[in-house]
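Student: This is the feature table in TrEMBL:
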- B:88-294: domain 'Cytochrome c assembly protein' (DOMAIN)
- B:314-638: domain 'Cytochrome c-type biogenesis protein CcmF C-terminal' (DOMAIN)
- B:6-28: transmembrane segment (TRANSMEM)
- B:35-61: transmembrane segment (TRANSMEM)
- B:95-113: transmembrane segment (TRANSMEM)
- B:120-141: transmembrane segment (TRANSMEM)
- B:206-228: transmembrane segment (TRANSMEM)
- B:248-265: transmembrane segment (TRANSMEM)
- B:272-291: transmembrane segment (TRANSMEM)
- B:311-330: transmembrane segment (TRANSMEM)
- B:351-373: transmembrane segment (TRANSMEM)
- B:393-412: transmembrane segment (TRANSMEM)
- B:448-468: transmembrane segment (TRANSMEM)
- B:492-515: transmembrane segment (TRANSMEM)
Amino acid sequence: MTLRALFMMVLLLVSPAVLAVSPNEILPDAALEQRARDISAGLRCLVCQNQSIDDSDADLARDLRVLVRERLVAGDSNNEVEQYIVDRYGEYVLLNPRLGGHTLLLWAAAPLLLFVGLGLLLLARRRTPPGPVEGLTAEEQAALDALERGPDAR
Amino acid sequence: MSIELGHFALILAFAIALVSAIGGLLLWRRGERLALVLGHASILQFVLVAVAFLAVVQAFVASDFSLALAANHSHSLKPLIFKISGVWGNHEGSMLLWVLILVLFGALVATFGRRLPSDLTNLVLGTQSLLVAAFAGFTLLTSNPFERLSPAPLEGADLNPVLQDIGLAIHPPLLYAGYVGFSICFSFAIAALVSGRIDQAWARWVRPWTMLSWTFLTLGIAMGSYWAYYELGWGGWWFWDPVENSSFMPWLAGTALLHSALVMEKRNALKIWTIFLSIITFSLSLLGTFLVRSGILTSVHTFASDPTRGLVILTILAVLIGGAFLLFAIRSPSLRQGGLFAPISREGALILNNLFLATAVGAVLVGTLYPLLLDALTGTTISVGAPFFNFTFGALMAPLLLVLPFGPLLAWKRADLVAAGQRLMGFAALSVFLAILISALGGTSISMVPIGLLLGFWVSFGAIAEVIERSRLGRIPLGESLRRLRGLPRSIWSTALGHFGMGLTVLGIVTVSAWETELVTTLNPGETAELSGYLVAFDSFEQQPGANYVADTGVFTVTDPGGETATLLAERRTYVASGMPTTEAAIQTYGLSQLYLQLGEPLENTHVIRVWHKPYILLIWIGALVMAGAGALSLTDRRLRVGIPQRARKATAEAAQ
């Protein structure tokens, strides 16, 4: 049984990871370092399970972190750094998938589902016979009160 | 010997389940005599699976390495508690635990559901037995935990060190109790569809089981999250990992089910939808089991490494879920919808709740499966990670949280939105004020932070508003109000408490995301560092042997802004048997906030130290505990207990005479 299967077993992504960013990687410029962090949080550690390179101690993650910082120091914008990494490692490296033909359905899923749901609701309302919906009748109210009070109410 | 007994007990349980399933589903009209037999059979299944389970536990505790499972996952030096929890720290054992909980719920229905109509009992226990037969069969045929080794090794291979934690003892059983518990809702739904009997009484029987499972699932997910938080060593508490998602989806669906079953019970509406949700919720639990068990999530490619398991689970899944939906498609058109209501009403609010929760389930499901499907269909590999889920899920939850406080203030059938709005006005203003004040004081560049704070306060205060409204505080004399407060049914308290807990969790998530601070540095013993007003002094570095590991221990003294000091021990352990390293972070709690300290690897003769200050992070789990408490409180409400309604109705009728 592989280690990874064990992780799966407990429904948790736990890895015996020690952490990520080391003091010797940190850039002296705080603003630049913050940008490096922001970019890193969106880049996947390729050899890990759904971890960003910021959270992983794998060698590859370290190399990517250093690469991100090198590009930033060289004066790249955030997008340029991201593109630089994607050019070399593929879109798989992005934790936030880009909008495009291949991810259209992914990004559209939530709004689509919401609108379909709303549509179905409206349809269901149309089908119900029209007519004034008044408040509860005295009888219904009594039944409801009994339900809400329960048997132990005095 | 006891292992063979356990093996035999499991086979026997499988056979009994198979017979019960066939009998229950085919002969359900036979009435009470069959119900009696099925009830006994369900209890017997539980006893037998418990024997099987205990046999494996016994082998682990006694370090009997002739049992292949114990040899692969245990070690004689392991502390007792981890020997026991190690039973389910692997595929075969966790399936056995799954089956154990499944039969436990069957036995509970048989015990507490004596007052159910016998037709319904037969169908419910029949369906439940079908599930038991499927999963006990799967365990026996593809993942048998009772396999022996000859000759037996002298020592076991040990359990993954990360799993040697109290978390493994608590988290999986709670989680399984949660999502296996939804099998009862599934069985009730099947029973309703087959018998055509679906009324308010049905919703009344189903709701306590939903509530019970939901409570366990809430605790299980919260426990798992806290475990990840302290064990991973860097303080992350939710990763949107596919495996987490597969436990989160049943929770979302279960939450929707709780609310829709309420409408069905009180107003006899939303019947078809409630049945549908019951099936969906358990289907998501099954899907989660499939995704996790088949290994498909680890990587699409490891699926082929053990195709039998994956394919068998997929077949079980297809038959159960497919069969259920086929039955639903055939039978649901004949169900009559009842209970008319206006859009602005309690029913309307609950439908809105269901709309957003169901959409959220869909969004998480699509996000989890999309990379797998895209890869399978086009060969393109993409990742869908935390940024995507945070955005999508956040966008769906914000409107839900915004309308949440209105729900409990609206009347059934037709309500006055303006009146409810007026009652909430003060709290809305207070929420806006606090959100702006805290954002300004804390200072933040993230524009979502004030919105998040606003929603958190709004939901928490909304819950309080409901209780105040019910007690008519300030509008009638105080004594009278207090009397009313005491007389409030537990279900009202439960609703308010549940929503209040939700608000706390939101507040915790927002504050820790916005104002967490971090320090990564190198220190030698004798040096100090400072983070957010906390002074961290590195006192000494020692190497100590533990039970089955060797630990590098850093001793730290932390001085908080108030001048109080505390001693923290952060460890890096190396486990003897596997040689695997783990980090044990030191966590010091200050009120609701925590200081999280991790001893990193040595670097050029110094030690890498990472410190985080996590403001109000405990609110995340306190909120979850409050929600679970709300579930438990609701279960203590006498009228919610299964079977009670009938007796109670008789009692009230007698009292009326």
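Just so you know, glycine gets a Cβ as well, placed from its N, Cα and C.
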Student: Honestly, do the transmembrane segment (B:35-61) and the transmembrane segment (B:272-291) touch, with at least three Cβ pairs under 8 Å and pairs 6 or more apart in sequence?
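Tutor: Judged by the Cβ rule, the two regions do not touch, with the required three close pairs absent.
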Student: Do at least three CB pairs under 8 A connect the transmembrane segment (B:120-141) and the transmembrane segment (B:206-228), leaving out pairs fewer than 6 apart in sequence?
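Tutor: Output no: the transmembrane segment (B:206-228) is apart from the transmembrane segment (B:120-141).
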Student: Cβ pairs under 8 Å only, please: of the recorded stretches B:6-28, B:248-265, B:272-291, B:448-468, which one is richest in them relative to the transmembrane segment (B:351-373)?
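Tutor: That would be B:248-265.
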Student: Assess whether the transmembrane segment (B:311-330) lies in contact with the transmembrane segment (B:120-141), where contact requires at least three Cβ pairs under 8 Å among residues 6 or more apart in sequence.
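Tutor: Contact confirmed: at least 3 Cβ pairs fall under 8 Å.
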Student: For the domain 'Cytochrome c-type biogenesis protein CcmF C-terminal' (B:314-638), what is the mean per-residue pLDDT, to the nearest integer?
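Tutor: Summarising the domain 'Cytochrome c-type biogenesis protein CcmF C-terminal' (B:314-638) by its mean pLDDT gives 89.
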